[in-house]
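Participant: Below is one structure. I have some questions about it.
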Amino acid sequence: MSKLLNNNNHKNLTNYLKFGKGIINNLNNKSKQVGIISFISQSSIQSQSSIQSQSFLSINNNSNNKYFSTKLNKNEKISEKTTTRKIEDIYQKKTPTEHVLLRPDSYIGTIEKIEDDMWVLSNSMFNKEKKTIELNNDNNEKNVESTTTTTTKTNKKPLTYIHPIKATYIPGLLKIYDEILVNAADNKKRDSKMSFIKVEINPNENSISIMNDGKGIPVVMHQTENCYVVEMVMGNLMSGSNFNDSELKVVGGRNGFGAKLTNIFSKEFTVETVDKSSGKKYFQRWSNNMGDRSEPIITPIGEGESDYTKITFKPDLEKFKIKSLWDDNILQLMERRLYDIAGCNTELMVTLNGKRLNYNFQSYVKLYEHHLNNSTKREDNEEQYREESFEFGEISPRWKIGIGLSETGQFTQVSFVNSINTVKGGTHVNFLADQIVRYVGEKLKKKHSDLEIRPMNIKHHLALFVNCLVDNPSFDSQSKETLTTKPMLFGSTPEIPESLLAQFVKNSKIIERVAGWALMKQKADLIHSTSGRQSKTTLIKSISKLDDANWAGGLKSKECTLIITEGDSAKSLALAGLSVVGRNSYGVFPLRGKLLNVRDVASKQLLSNEEINNLTTILGLSHKNSYDTDESMEDLRYGRVMIMADQDHDGSHIKGLVMNFIHYFWPNLLKRGFLVEFVTPIIKATKSSTQKKSFFTIKDYEKWRETISSDQLKQYTIKYYKGLGTSTSAEAKEYFSNLDKHVIKFIWGDEADDLIKMAFAKDLSSLRQRWIKETDMSQGIDHSIKEITYPDFINKELIHYSWAANLRSIPSLIDGLKPGQRKILFASFKRRLTNEIKVSQLSGYVAEQTSYHHGEQSLNSTIVKMAHNFVGSNNLPLLTPSGQFGTRLQGGSDSASARYIFTKLEPVARYLFNELDDPLLNYLEEEGESIQPDYYIPIIPMLLVNGSEGIGVGMSTSIPLFSPIDIIDQLMLRLNNQVALKKLIPWYRGFKGTISPDRHTYRTNGVIKLVGRNLEITELPIGRWTSDYKEVLNDLIDKDVIKSFQESNTENSVHFTILLNNNQLEQMEDLTENELIKLFKLSASLNFHLTCFDENSKIQKLESVEEIIDQFYKVRLQFYGKRREYLLKSLDNQIKRLTTTIQFLEVIASGKLKIQGRSKQDLIKELESGEIVGFENFGTHPPEVYQHLFSLSILDITKERIDNLTNQLTKRKSEHQSISSSDPKSLWTADLQQLKEYLEKSDKEFQKKPLKTSSSSSFDVSSSSESAKLSSTRKSKTDKIKSK
């Protein structure tokens, strides 16, 4: 025995096993479990299965011990009877074949019937009811020899698709079929000339035949085993050609079981093969579960006969406990499995019972579309599937994928490794799915940052199809349902191209699908959260700011009104008014600021929002109820809601947000008249205690004012009510005494549903943009009516808030300023702010002078930003920062309190905004006072100099900064009628990095260099702040890319020293500067959204920087013409005034006109007589021309004063002559030259060449071809560093 165990000869070992056959025949039938002990030596054939031997010894016990165990059965007791059992009854020996039959689970899976979800064809050719094979295509009729069944040929072409059913089948039976099928497909890898696989399934004869051409098994004797190779690999376990693991193969077979398992579980198994190289044809039959074999029949091949292999077997149905292949769903699964083979092996002609399965991978995948798109109603005919249903990509010759949407609510994967159907997926599927989920997740985060979405939520919406080739694949078991090979051992790296992922996201709308699912989940969470709300009869004492109606939550709940006020001051007004109508049916609840826009927000945010929770509780609302019946309305604590907000734009927005909240969750409430509003006057004109006029809109007041004269207007006292807090308690009682005049009911109207969604849904911004541009802004609400439709509220009132919000957020093309900035500049000019003032004091002055109503804190922030001068902020700040205004360390957020810092106008401000233009501006009016102009007229487009960022309603703007010197040069060329040759490139004052074109935008790169053994970073890309960048470096430390870093940063400069160990240094030395920039995230794109207001206050979305300059140029040149006209007219008046004054003083000094002791009227009469020399035409002038003469002092008659006035006159005439001889272009050119000289003297930065573009070595992501040129070695090194 020892000799046999140490002998590698397979035949000797087999003979030894036969030696114990007598013992095996006497085994006790009570044996229920088998413990396996290997007696094969280490040099014997090894297998990846749990069975590694050719002889088996079993022990009758229930232990899981791998080796010997004597664990007793539950009911056994230690006794003499137990211990005296025959040793032969305990220990048994099995041959490998017997062990396969005894324990099939370890080899082919269970041989018991199971029920599971499996993919099958919609119109199988196997008709179980009729027991016929129905071929749908012409000329493919197949006869099945049987006296009880027939083959039917049908002319109808039903829709063919693959869908899941609850299939009943035997996994082991499917597996033995699949083993032969995969072997046939594997042969294509061995012989590229192989062209077909033909499968014949005859269920009535219990016969399956699989044939393929191409080189098969050599018909030669195996010198070691002394038998034909065909017999060895088809009739002996653990034999085959796939045991050399040093050789990489992309086939399905690995362990030497394969076809032998099919043989063992068949009553009859035959192999027929032609070996053209040896000129022989081989035929051999096995029967009785491979127990009996016939001698091989070898004949010479005929002329023209080619290589092929044909396996025919009849499964042992008794072993599988079925009577026929027609039983259950096994035939449908075998059929679909052949479709898999056809889809994965495009170059092969695959046929089943003579019917060709003509599919490639794409057309195969589309067979699943009907189910994945949840299509339950389709016409019963062939359908051309939409190409955009799936995105396909051949990542490499080894990897083909299809990505689609799964509308079934769960992740769907269909995958194949070397033609093996990995039913449960594995590492290959996970590797690809993770890439898709990661990409989609990043896009979702950008578009729906407020939604809580986990990677698994995205994965549940995916359908992923994979057909790949993997070197020497490893599986979880012999059934090969799950690939376990590590990605690094695949033999290739399947990185999905970003272009394919982008196309999938665009065409599949997966972003919208996942976001929609998340919103539905939020609603479900809300339903759950409100299911335990207090009953309507319970007073809600926990909400401290609620003044509850006495009847709320009682039998008279539907008679109650909840007044929602804008803040506490409005609540006080409401409570004062309730003293008139009583507290039984009215409750009051103040909102803190604006209500949350409940659309497109995470459920967590909704559930944690105190205002939303309070309103829901106070009103007794339930997310389970739709409130579509009178009966359901009785569950509410209040019968209606009355909004009491300010009559300004923000008040309209608050109304809209309350409306949106109710519409989003309970639209039926709006349809049932649940919402009303309480309106108050915004202006009151009082003439006497009995003569008062109230106006609910500014437009109403302006219309009234146009109907009366200025003298009549002076008889009125005008009072502006900017907030409800302005009204007195007496006025509140007046309002509530006449509720009909102040309460307006909202009613449903056509398009109400769509308009409310349009106004508040984030994904409808394009519609909002068009709505804002196309709506007539002259329209307004008539507050004399008693009812307003929701569409009218949206189109005539809320639109004004949207417009005002855009005015606050979107800059002017002409001066580059937003209203807040313009107010600050106006107040600074008005105050002549050349001396420092505290920022907090300036903001107070601005609010006072410009009627600013949004809080001084907002002004403080704007003032600080207008004074920022660090890299990435302003190229030309208009205010001076004196103190800590913030630095590039934290992007300006590190500024000191407004109480401690000072500012004043920068000298350059008046170079840019020439004082001569001030009289030409159109100054706005508010509360009867003149405030800032609608826009200033700088001499260069400040929109490009300092850039702008802003988000409005339905639109946003993002404009980079450009060099003022470049802009001046461009304007100079235009003024000289020359074409600008250079294209403007973004420029940031003090920036040391590079800026280069990148598709439709520009990319900014920082600076990193290898200095000695360290890396030094001396600049960051625009928009990345020093403190924030340390997170990037810490992440690289965690990934062992760098050792550590040191900081030498200042408030104005960047200097990081990166410390490296020897290994890291070696890796860095092999990277180019571009690759270092990419690795250290020193590159960022500049956003270009060129949205702004033009000179007519129309929103424009421009396409290029040059278009901004063009429009600015036209407007600015017109204003230089206006300036010239104004100056000439002004100088004419000054010349006339000076001339008259000089003449008047001269006649007095000469004694021609005596003024002593005379009345003013007498002097005027003498001057108008024309009798005084030099004043002949005095009487022709209007009085305002000479009224100033009578306010002159006695000192003005002196010679010195007359000489001074004469010099002024000469100067004014010279100026008049100069301007008369000039044109608008020359005036503008002079201003530009003056500005350029000032800039070049004030800062050396402006003396440098501003058009700094990237060098040839800079990293440019727009150049995909450049990226492709990276060598595979270098790229792999970079990826390796990053992946660590």
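Along the chain as shown, residues are numbered 1 onward.
Each Cβ is built from the backbone N, Cα and C atoms, and glycine gets one as well.
Keep in mind the model is a prediction, meaning the values are calculated, not measured.
The active site, O-(5'-phospho-DNA)-tyrosine intermediate feature in Swiss-Prot is assigned to TYR900; the stated evidence is sequence analysis. Marked as ATP binding site by Swiss-Prot: ASN183, ASN212, 240-242, 253-260, 478-480. Residues or ranges marked as domain 'Toprim' by Swiss-Prot: 560-677. Positions annotated as domain 'Topo IIA-type catalytic' by Swiss-Prot, on the basis of sequence analysis: 810-1232. What Swiss-Prot records for LYS594, ASN597, ARG768, LYS818, TYR852, SER858 is site 'Interaction with DNA'. Under the heading site 'Transition state stabilizer', Swiss-Prot lists ARG899, citing similarity to another entry as support. According to Swiss-Prot, the feature site 'Important for DNA bending' maps to ILE951, an assignment based on similarity to another entry.
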Participant: Counting other CB atoms within 10 A of each CB, which of the recorded positions TYR852, TYR900 comes out lowest?
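Facilitator: Each of the recorded positions TYR852, TYR900 was scored by Cβ atoms within 10 Å; lowest is TYR900.
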Participant: Could you tell me the mean pLDDT over the domain 'Toprim' (560-677), as a whole number?
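Facilitator: Mean pLDDT for the domain 'Toprim' (560-677): 91.
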Participant: Would you mind reading off the Cα separation of ASN597 (site 'Interaction with DNA') from ARG768 (site 'Interaction with DNA'), to the nearest angstrom?
Facilitator: 15
Participant: Reported as an integer number of Å, what is the Cα distance between ILE951 (site 'Important for DNA bending') and SER479 (ATP binding site)?
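Facilitator: SER479 (ATP binding site) has its Cα 58 Å from the Cα of ILE951 (site 'Important for DNA bending').
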Participant: Return only the integer: C-alpha distance in Å from TYR852 (site 'Interaction with DNA') to SER479 (ATP binding site).
Facilitator: 76
Participant: Check the DSSP secondary structure of GLY258 (ATP binding site), expressed as helix, strand or coil.
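Facilitator: In three-state terms, GLY258 (ATP binding site) counts as helix.
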Participant: Using a 10 Å radius around its CB, how many other CB atoms surround ASN597 (site 'Interaction with DNA')?
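Facilitator: Result for ASN597 (site 'Interaction with DNA'): 18 neighbouring Cβ atoms inside 10 Å.
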Participant: How many whole Å apart are the CA atoms of ARG899 (site 'Transition state stabilizer') and LYS260 (ATP binding site)?
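Facilitator: Approximately 89 Å lies between the Cα of ARG899 (site 'Transition state stabilizer') and that of LYS260 (ATP binding site).
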Participant: Which of these recorded positions is closest to LYS594 (site 'Interaction with DNA') if you go by CA atoms: ASN183, GLY258, LYS260, SER479, TYR900?
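Facilitator: Result: the closest of the recorded positions to LYS594 (site 'Interaction with DNA') is TYR900.
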Participant: Three-state secondary structure of SER858 (site 'Interaction with DNA') from DSSP?
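Facilitator: Its secondary structure by DSSP: helix.
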Participant: Under the DSSP assignment, what numbers of helix, strand and coil residues are found in the domain 'Toprim' (560-677)?
Facilitator: 56 helix, 20 strand, 42 coil
Participant: When neighbour density is defined as the number of other C-beta atoms within 10 angstroms of a residue's C-beta, which of the recorded positions LYS260, LYS594, ARG768, LYS818, ARG899 has the lowest density?
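Facilitator: Relative to the other recorded positions in LYS260, LYS594, ARG768, LYS818, ARG899, ARG899 has the fewest Cβ atoms within 10 Å.
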Participant: May I ask which of the recorded positions ARG768, LYS818, SER858, TYR900 is closest to LYS260 (ATP binding site) if we compare their C-alpha atoms?
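Facilitator: The smallest Cα gap between LYS260 (ATP binding site) and any of the recorded positions is with ARG768.
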Participant: Counting other Cβ atoms within 10 Å, pick out the least crowded of the recorded positions ASN183, SER479, SER858.
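Facilitator: Ranked by other Cβ atoms within 10 Å, the recorded positions ASN183, SER479, SER858 bottom out at SER858.
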Participant: Fill in the CA-CA distance, LYS818 (site 'Interaction with DNA') to SER858 (site 'Interaction with DNA'), as an integer in Å.
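Facilitator: So the Cα of SER858 (site 'Interaction with DNA') lies 13 Å away from that of LYS818 (site 'Interaction with DNA').
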Participant: Of all the recorded positions given, namely ASN183, GLY258, ARG768, SER858, which is spatially nearest to TYR900 (active site, O-(5'-phospho-DNA)-tyrosine intermediate) at the Cα level?
Facilitator: SER858
Participant: Note down the number of other Cβ atoms within 10 Å of the Cβ of GLY258 (ATP binding site), including every protein chain shown.
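Facilitator: Neighbour count, Cβ to Cβ under the 10 Å cut-off: 25.
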